[in-house]
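Feature annotations, courtesy of Swiss-Prot:
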BINDING   9-16, 56-60, 119-122  GTP 1 binding site
BINDING   182-189, 229-233, 294-297  GTP 2 binding site
COMPBIAS  457-469  compositional bias 'Basic and acidic residues'
COMPBIAS  470-485  compositional bias 'Basic residues'
DOMAIN    3-167  domain 'EngA-type G 1'
DOMAIN    176-349  domain 'EngA-type G 2'
DOMAIN    350-434  domain 'KH-like'
REGION    435-485  region 'Disordered'
Amino acid sequence: MKPTIALVGRPNVGKSTLFNRLTRTKDALVHDLPGLTRDRHYGHGKVGSKPYLVIDTGGFEPVVDSGILHEMAKQTLQAVDEADAVVFLVDGRTGLTPQDKIIADRLRQSPRPVYLAVNKGEGGNRAVLAAEFYELALGDPYVISGAHGDGVYYLIEDILEKFPEPEAEEADARHPVFAVIGRPNVGKSTLVNAILGEERVITFDMAGTTRDSIHIDFEREGKPFTIIDTAGVRRRGKVDEAVEKFSVIKAMQAVEAANVAVLVLDAQQDIADQDATIAGFALEAGRALVVAVNKWDGISEERREQVKRDINRKLYFLDFAKFHFISALKERGIDGLFDSIQAAYNAAMIKMPTPKITRVLQSAIERQQPPRAGLVRPKMRYAHQGGMNPPVIVVHGNSLHAISDSYTRYLTQTFRKAFNLQGTPLRIQYNVSENPYENAEDKPKKKPLRRVSLSNRIEKREGRKEEKNRFKKKTKVSVKKQFSK
């Protein structure tokens with residue numbers, strides 16, 4: 001599992017700026033696709049060979065007892081519980097504040113390692129900036145600049161040093177490894193119990209039970225499977241905003257380790273933004289996806305039609321996924337769900353022959369040429385497979401930068417139908433053939449044309465005539481001498 005790093009601190013100390021630096025992006029983890037909820041609180045990062053997850057917790061005002069700031073403080077404390085390491089960010093320009101001292105007191109009570117980072121330290125004397133923050137008793141401060149990157153690498157390198165090198169991903173297994181993901185209280189734990197055929201206690205409120213996903217190997221109808229149990233993220237009692245928010249972290253970690261994700265929805269509730277966000281993580285990671293709409297037996301026919309319309313409207317970007325309407329409690333629809341898991345796994349791990357890929361590409365071009373972009377028309381020559389889980393098709397040609405998104409969607413649907421890629425995302429990459437003379441400096445220089453005057457041409461012509469006449473005379477003389485002998 002990737003270690004999770006939580007960014008904690010007062011408002012306006014630069015947590016979002018540091019988050020963007022650590023994730024190397026200014027956008028959300030989820031692509032800006034229609035229907036996907038943008039979420040700037042979670043992101044991926046990597047230093048060397050070590051990947052990590054980072055959480056931007058929002059501003060922490062511990063002295064507020066109610067309102068939105070109080071909720072943000074609750075979410076921050078939840079982040080500390082869920083994280084593997086905590087970066088406590090303070091403002092080097094403002095200096096030490098009473099709120100910083102209160103936050104530090106709470107962080108010292110946590111068993112998680114805490115790293116004190118003095119932000120906005122660009123251009124200043126590091127020793128002077130760090131001096132007053134030793135009062136927080138959180139070890140040596142790291143003086144950094146989230147905006148310019150100063151000192152950030154050393155901070156993250158020290159954090160990750162305590163975590164082992166990542167092992168080979170579980171997604172490389174030769175059988176389906178699937179994760180049950182979704183919001184709290186949608187029936188994930190019930191579905192896990194129905195799948196395994198036994199009651200398992202997975203909702204204990206004990207330290208550790210909500211932190212690590214459990215990998216369980218089992219067989220069903222003679223076929224091996226591995227399930228990643230993330231149901232332990234749910235806590236007893238009321239599921240508040242903080243718990244629901246951090247269920248996303250569990251989904252991210254589980255999706256990374258799986259090759260198939262099973263997204264569980266609650267038919268008794270409307271499709272929430274969080275559902276779309278979690279689905280977006282699976283799509284971003286390129287994992288095969290199966291959707292289980294749970295508690296289907298407990299709603300009326302009218303409600304069923306409403307749920308289907310809601311799904312079509314809010315999750316239409318999952319048109320490649322198979323939807324199953326099940327009852328985990330009564331174990332209805334589980335067999336069909338497993339058939340789709342196996343099919344999605346097979347599609348994600350498919351090996352496509354290059355000749356067939358190219359034939360499908362040429363057939364698609366014959367049916368519909370790519371539209372021109374100004375005076376340029378893209379020319380696609382051949383294609384081959386570039387990867388699995390998800391399948392990647394690499395198209396080679398010229399002027400491929402001019403291919404529109406709509407034509408890419410057309411090609412995606414064509415390849416999906418030709419290879420029966422049900423349940424997995426399909427990615428198309430364009431590889432433009434390079435012109436060796438693209439730069440003017442590299443072009444071979446043509447010889448300049450010589451201008452020859454008319455008089456020079458006449459002189460040359462007369463000279464050739466005289467030469468020819470002299471040759472004829474010599475020939476006649478030599479022939480006469482030969483016969484005279």
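Yeah, the Cβs are placed from backbone N, Cα and C, and that goes for glycine too.
Structure coloured by features recorded in Swiss-Prot.
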| residue | record | Cβ neighbours (10 Å) |
| --- | --- | --- |
| G9 | GTP 1 binding site | 24 |
| N12 | GTP 1 binding site | 10 |
| K15 | GTP 1 binding site | 25 |
| T57 | GTP 1 binding site | 26 |
| G121 | GTP 1 binding site | 24 |
| G182 | GTP 2 binding site | 29 |
| N185 | GTP 2 binding site | 15 |
| K188 | GTP 2 binding site | 29 |
| W296 | GTP 2 binding site | 21 |
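N185 (GTP 2 binding site) sits 23 Å from T57 (GTP 1 binding site), counting Cα to Cα. For the domain 'KH-like' (350-434), the DSSP counts in helix, strand and coil order read 32 helix, 24 strand, 29 coil. The distance from the Cα of K188 (GTP 2 binding site) to the Cα of K15 (GTP 1 binding site) comes to 33 Å.
In the three-state DSSP scheme, G9 (GTP 1 binding site) falls into the strand class. Averaged over the domain 'EngA-type G 2' (176-349), the predicted model reaches a pLDDT of 80.
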